[in-house]
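K.L.:
Once you've had a glance at the structure underneath, I'll fire off some questions.
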Amino acid sequence: MQFERDVSLEGLNTLGVMSRAENFCRVESDADWLAAIDYANSRGLGITLLGGGSNVVLGEQLRGLVVHPVGDEIDLFEQRGDDVLVDVLAGTEWDTLVRICNQRGWFGLENLVSIPGSCGAAPVQNIGAYGVEIAEFIESVRVLDLSTREFSVIKSQDCGFAYRCSYFKGPWRARYAIVGIRLRLSTTPAVNTSYAALGQALDNAGLCEPTPEDVLNTVAAIRAAKLPDVRRVPNSGSFFKNPIVSGEHAQHLKAQYPYLPVYPLSDGRAKLAAAYLIEATGLKGYQHAGCGISEDHALVLVNPGQATGAGCLALAEHVMSTVQSAFGVTLEIEPVVMGA
Ligand SMILES: Cc1cc2nc3c(=O)[nH]c(=O)nc-3n(C[C@H](O)[C@H](O)[C@H](O)COP(=O)(O)OP(=O)(O)OC[C@H]3O[C@@H](n4cnc5c(N)ncnc54)[C@H](O)[C@@H]3O)c2cc1C
């Protein structure tokens, strides 16, 4: 295991902004994680965890020690009846995990295919897509307490999972590193096609009784058609969360904008489509401070070439204030801002 100084992170964030780590290391085993803590402690350095860099906005320099989990390990821990418990190392690529589980007949994750990033980061914002969230499949999360150097296991129900959020994105952000996750999957080939666009695409393809593989392939195809490819157009996926407003506010907006997608929630509030709000303000394709809003998808900020983290945040501020003025709705940034 190596500790390096002044390392470029340009290839380690999907927005492709220029950024450098003051100190950097890759970790795979428990011993690596502990060595990283010891290195940081002995030099008085703070630790920043960086997975695939697909949900971050990086400033020009990340001070302290940037720890990057690597390696891939997917193990069957236990099978009981139709239930399988699968242990996965933090550095494993999420999309690889989804596809391997499907090939092995461990079902449930199909709707979450093609989400970039690492398995260690997946619980952090409770990744979700096409009607499914990872929280439904997390049995437990294995963590390392960065201050006490102790490994422990946290049950799913104690992780504070919510829409694009968990305690790992909030109060536990500086406390725990996720070193592995345990998933509860099923050998029963049940599928979730409740998400309207997915159901429609399956119908259009004549797949009346879709298999998990059909769902995986259909979701992958929809995503490929809809979202800009990070290898061609650097971006960090959805830059804003879908805002949640009171039921009255949603009704008021719906009366003014009949095409506004409104998703009622069980507590009486409603989730709005941030993409619609941004597009309605005419900002799709808009560029500012070296950063742009995708021509294809209003939720996605793209780096046309030389964008900086600060530039992306300046554009995001502009979008947020424009939407606030137009609709009285407060947008919230989805990626984690580091060193900017
Ligand atoms: C094109 C594109 C499409 C996307 N689509 C979706 C989508 O459909 N649904 C969705 O939910 N997200 C989506 N995302 C966002 C992103 O892919 C996920 O949030 C992903 O889980 C981030 O993983 P990462 O390894 O890249 O994390 P990073 O971006 O490296 O880190 C994100 C946060 O997690 C923390 N972190 C990283 N590793 C660990 C660890 N081992 N332990 C503790 N904390 C850690 C970091 O410190 C940081 O705070 C998309 C992103 C892109 C670029």
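Backbone N, Cα and C atoms are what each Cβ position is placed from, and that goes for glycine too.
Keep in mind that what you see is a predicted model, and the values were worked out from it rather than measured.
Pulled the feature table from TrEMBL, pasting it below:
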ACT_SITE  Arg164  active site
ACT_SITE  Ser238  active site, proton donor
ACT_SITE  Glu334  active site
K.L.:
Roughly how many Å lie between the Cα atoms of Glu334 (active site) and Arg164 (active site), rounded to a whole value?
P.N.:
8
K.L.:
In angstrom units, rounded to an integer, how far apart are the Cα atoms of Arg164 (active site) and Ser238 (active site, proton donor)?
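P.N.:
Given the Cα positions, Arg164 (active site) is 11 Å from Ser238 (active site, proton donor).
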K.L.:
My understanding is the cutoff is Cβ-Cβ under 8 Å with a sequence separation of 6 or more in the same chain; which residues meet that for Ser238 (active site, proton donor)?
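P.N.:
Correct list: Ala274, Leu299, Val300, Glu334.
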K.L.:
Mind checking which of Arg164, Glu334 has the fewest other CB atoms within 10 A of its CB? They're the active-site residues.
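P.N.:
Checked Arg164, Glu334; of these active-site residues, fewest Cβ neighbours within 10 Å: Arg164.
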K.L.:
Give the three-state DSSP assignment (helix, strand or coil) for Arg164 (active site).
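P.N.:
Once the DSSP labels are grouped into three classes, Arg164 (active site) ends up as coil.
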K.L.:
Hey, does DSSP put Ser238 (active site, proton donor) in a helix, a strand, or just coil?
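P.N.:
SS state of Ser238 (active site, proton donor) = strand.
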K.L.:
Reduced to three states, what secondary structure does DSSP give Glu334 (active site)?
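P.N.:
In the DSSP reduction, Glu334 (active site) maps to coil.
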